[in-house]
Amino acid sequence: MTAEVLSTKDLQKVAPVFGQLSFDNHEQIVFCNDKETGLKAIIGIHDTTLGPALGGTRMYQYNSEWEALNDVLRLSRGMSFKSAITGLNLGGGKAVIIGDAKTQKTPELMLKFGEFVHSLSGRYITAEDVGMTTADMDLVRTVTPYVTGISEDKGGAGNPSPITAYGVFMGMKAAAKYKFGSDDLENRVIYVEGIGNVGEALVEHLSNEGAKVMISDINQARLEEVRDKYSVEIYGGSNLHAEEMDIYAPCAMGATVNDISIPQLKAKVIAGAANNQLAEENKHGMLLRKRGIVYAPDFLINAGGIINVYAELENYGRQEIIRKTENIYNTTLEILTNAEKNNVTTHAAALAIAQSRIDARKTKKA
Ligand code: NAD
């Protein structure tokens, strides 16, 4: 097969990688391709000022390679800020594998992916994200040490999702304290959108606290399973965002807070696990602020998972994981208060703190 040579004119029609809307001076973007296993992956390394770029691998059936690139750019950038604001010595990275995790994920494909991770000599350390399990990470561990989220019986910290959910629960309580004057979630109407690994664990905390939980997911079997385990209801309507509720918890994919959903939203607080909940962070952060909806920044409150996997690198135990995760409550409250004081969006307030930590380290290194 011959590779087609495009004219300069044709090449100019193709959107350049460095010109992507989500490109934010990422240090390195690695395209991984393997014909034998069908692996098509992109590793994004956003910033390594604070340490190696750590972030999970997402396997997803993207509509196009551009969509996958855009996702990895947004996600890896988010990881830089997540680690920075949480006080971890980690940079931001993420990987995406293009494909259906249910039908296209094979051991050979995962091993090949692990080899690509290894080729970066530790600049990028992987973990699980959507479409991945601890078993996948155990497999990757056989070809590279640059992987976290390993199962406990193999010496890892195990599945990070329950800790992520606990951190989201802490952040949600802080946002409730800020908005309603009490962090007690009893009888609060809370919609959880996406009841996967994190969503289900969050539902458990909320139902233990006596909240009125409504769940929604595209997977009907999963909805019934979770409903039968906890005292929660399945949302049967078609436009969750327009429902009366106290808290909206996005726990599926990103960008659900957007031009369409914001004008309809009746929630007073948004606090969930999904990464990149705001489709456009400045514009949509501002729109939420104008509408008086308190937004608990996603990268701040969903940091439990990274705290959990960081334990594998730093050798701290369960107690320290819980302590760091519970601290999300204090940081969230502080940031919501600061945002109001400084007349900025909560997202911008959180970002500024994260960026200042990165900048301070850069100055120290210089
Ligand atoms: P998951 O794959 O286990 O669960 C996602 C769930 O969302 C699935 O049940 C899926 O059916 C559902 N879903 C997909 N599209 C949907 C839609 N349009 N409407 C409703 N439901 C939909 O993933 P997870 O590990 O629970 O992660 C959830 C989110 O939290 C992701 O955005 C992930 O990046 C983020 N996150 C996860 C962790 C972690 O520790 N797992 C850490 C930080 C952030």
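Cβ coordinates are placed from backbone N, Cα and C, and glycine is handled just like the others.
Per TrEMBL, the features are:
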{"type": "ACT_SITE", "residues": "Lys94", "note": "active site, proton donor/acceptor"}
{"type": "BINDING", "residues": "Gly194, Ile195, Gly196, Asn197, Val198, Gly199", "note": "NAD(+) binding site"}
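This view paints the features noted in TrEMBL onto the structure.
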residue	record	contacts (Cβ under 8 Å, 6+ apart)
Lys94	active site, proton donor/acceptor	Ile43, Gly44, Gly55, Gly56, Thr57, Arg58, Val72, Leu75, Ser76, Gly78, Met79, Asp129
Gly194	NAD(+) binding site	Ser216, Asp217, Pro250, Cys251, Ala252, Met253, Ala273, Ala274
Ile195	NAD(+) binding site	Val203, Ile215, Ser216, Asp217, Arg222, Leu223, Val226, Cys251
Gly196	NAD(+) binding site	Val130, Ser161, Asp217, Arg222, Cys251, Ala252
Asn197	NAD(+) binding site	Asn159, Ser161
Val198	NAD(+) binding site	Ser161, Thr164, Ala165, Val168, Cys251, Ala273, Asn302, Gly305
Gly199	NAD(+) binding site	Ala165, Val192, Glu193, Ile215, Asp217, Val226, Ala249, Cys251, Ala252, Ala273
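For the NAD(+) site, the Cβ centre of Gly194, Ile195, Gly196, Asn197, Val198, Gly199 serves as reference, and the other residues of the chain with Cβ at most 8 Å from it are Ser161, Val192, Glu200, Ala201, Leu202, Asp217, Cys251, Ala252, Ala273.
In the three-state DSSP classification, the residue listed as 'active site, proton donor/acceptor' falls within a strand. A helical conformation is recorded for Val198 (NAD(+) binding site) in the three-state DSSP classification.
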